[in-house]
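Take a look at the structure set out below.
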Amino acid sequence: MKYAIQSKGDDRSNETRDKIIRCFEGYQIEYDDVNPDIVITVGGDGTLLHAFHQYLNTLQKIAFVGVHTGHLGFYADWRTTEIEELVYKIVHDPLRIVRYPLLEVVIKYHNGKPDERYLALNECTVKSEVGSVVMDIKIKDDLFETFRGDGLCISTPSGSTAYNKSLTGAIIHPSIEAIQLAEMASINNRVYRTIGSPLVMPKEHVLKLYPLKNSKYHISIDHIFLVHNDVKSIHCRVAPEKIQFARIRSFPFWNRVRDSFIGKKKDI
Ligand code: NAP
């Protein structure tokens, strides 16, 4: 087996990375940044997002595991005090895998430029360069509504605890293959009317956004922000690819939600 480590880059994360490398010494496991079977991120959820995009082309053969050097994360749920246990289990236990859904985003352009395809682990957001976003929203090619407002956020279940949550979207268990559309400050008046609630769409449903006003948009894919010109439409669906996490011990999703947002369970 081969492993790689991606550190957030601060002193604490780099020290933890070095400690993990020392712990692996003497075992039949080789450090390989290019072709790893397991990628250990050290930092936070943001660090795992970066690693996901770095290894986008080899997702099907990589299992991710995250160590946090700040606060408990959704992707980074191992503590620095548990490094020896983590390394021991990676080396000695059979590797169990869980697969979480991803979001596929295809952007189509007016000027004959080829489509661009992206994969997001958390979400895609669409905001306007100037003024508000005005878009027809189609679900399965049927017009659902015309949106006018600050922007739109389309998230994965595992990204539902990130930006989506700040937009009062629902938290979705990552075993559910779905995407969620959440509004950013929609304008509702006699001309524009939106549903106002986040929408959760199953695997087969394609969500299409058609700009009505401008064609220049700020489109984020996780932490990556790009300006796109001549945008004709944006198509979103559950991606055929998935991300794999090493399930080294059980830490149920709802416990992570509770511990992250409410606080640790009190002893009864
Ligand atoms: P950042 O602005 O430095 O950090 C954003 C925060 O989101 C960090 O605290 C990060 O946790 C946390 N986070 C990332 N993924 C998460 C997840 N799946 N569940 C719960 N929290 C999560 O940006 P970044 O580190 O590069 O991360 C990019 C992400 O930031 C985007 O994908 C988006 O979800 C999020 N974001 C949120 C808002 C908002 O809520 N208003 C605005 C912009 C972006 P760590 O500290 O553990 O890294």
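Even glycines carry a Cβ here, placed using N, Cα and C.
The annotation active site, proton acceptor is assigned in TrEMBL to Asp45. What TrEMBL lists as NAD(+) binding site is Asp45, Gly46, His50, Asn122, Glu123, Arg148, Asp150, Thr161, Ala162, Tyr163, Asn164, Lys165, Ser166, Ala185.
Distribution of TrEMBL features across the structure.
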| residue | record | DSSP (3 states) |
| --- | --- | --- |
| Asp45 | active site, proton acceptor | helix |
| His50 | NAD(+) binding site | helix |
| Glu123 | NAD(+) binding site | strand |
| Asp150 | NAD(+) binding site | strand |
| Ala162 | NAD(+) binding site | coil |
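Shown in sequence order, Leu103, Cys153, Ile154, Ser155, Thr156, Gly159, Ala162, Tyr163, Asn164, Ser220, Asp222 are the residues of the chain, 6+ apart in sequence, with a C-beta less than 8 angstroms from the C-beta of Glu123 (NAD(+) binding site). The binding residues for NAD(+) are recorded as Asp45, Gly46, His50, Asn122, Glu123, Arg148, Asp150, Thr161, Ala162, Tyr163, Asn164, Lys165, Ser166, Ala185; their greatest pairwise CA distance is 31 Å.
Filtering His50, Asp150, Asn164 by Cβ distance to ligand 1 (under 6 A) retains none of these binding-site residues. Residues within less than 8 Å, Cβ to Cβ, of Asp45 (active site, proton acceptor) and separated from it by at least 6 positions along the same chain comprise Gly66, Gly73, Phe74, Tyr75, Ala76, Ala162. With every protein chain in view, the residue among the binding-site residues Asn164, Ser166 whose Cβ has the most Cβ partners within 10 Å turns out to be Asn164. Counting every protein chain shown, the Cβ of His50 (NAD(+) binding site) has 17 other Cβ atoms within 10 Å. The number of other CB atoms found within 10 A of the CB of Asp150 (NAD(+) binding site), across every protein chain shown, is 16.
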